[in-house]
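Swiss-Prot annotations:
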TRANSMEM  53-73  transmembrane segment
TRANSMEM  89-109  transmembrane segment
ACT_SITE  110  active site
TRANSMEM  119-139  transmembrane segment
ACT_SITE  124  active site
């Protein structure tokens, strides 16, 4: 349930936030939330994370689809811990959010701008947070196995 809960929450919040950006901003329009620190800037990202490899949308679309399918199968077939399910749900939900953008628009809608980092979105944040949590879980599990060996 944690997988599907985090998965659906990420997809829903991502879609709502991007719909608001599309309705409220012109491309490249920026508004300050916290002067010098946080802006909302509408960017059409045609590449991968941070705008890398522009023009390869088909590659990212297929990759995201494979990741989502693998994570759904993993959670369906394994006895993932609640934190594993949460982390993989965040990753899969973020991947689906960006996949939906690529399918309907041919680009990903990015809008969170820290001023010193490439512009990103809620789906990207979910992927990163889920990935970090999963990495921590793997590292902790490895240390536990070393102690038990």
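Backbone N, Cα and C atoms are what each Cβ position is placed from, and that goes for glycine too.
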Tertiary neighbours of residue 110 (active site) (same chain, Cβ under 8 Å, six or more apart): 41, 42, 43, 44, 45, 118, 119, 120, 121, 124
Distant-in-sequence neighbours of the transmembrane segment (53-73), which means Cβ under 8 A and at least six residues beyond its ends: 3, 46-47, 88-89, 91-92, 95-96, 98-99, 102-103, 106-107
Other CB atoms within 10 A, centred on residue 124 (active site): 21
For residue 124 (active site): DSSP state (helix, strand, coil): helix
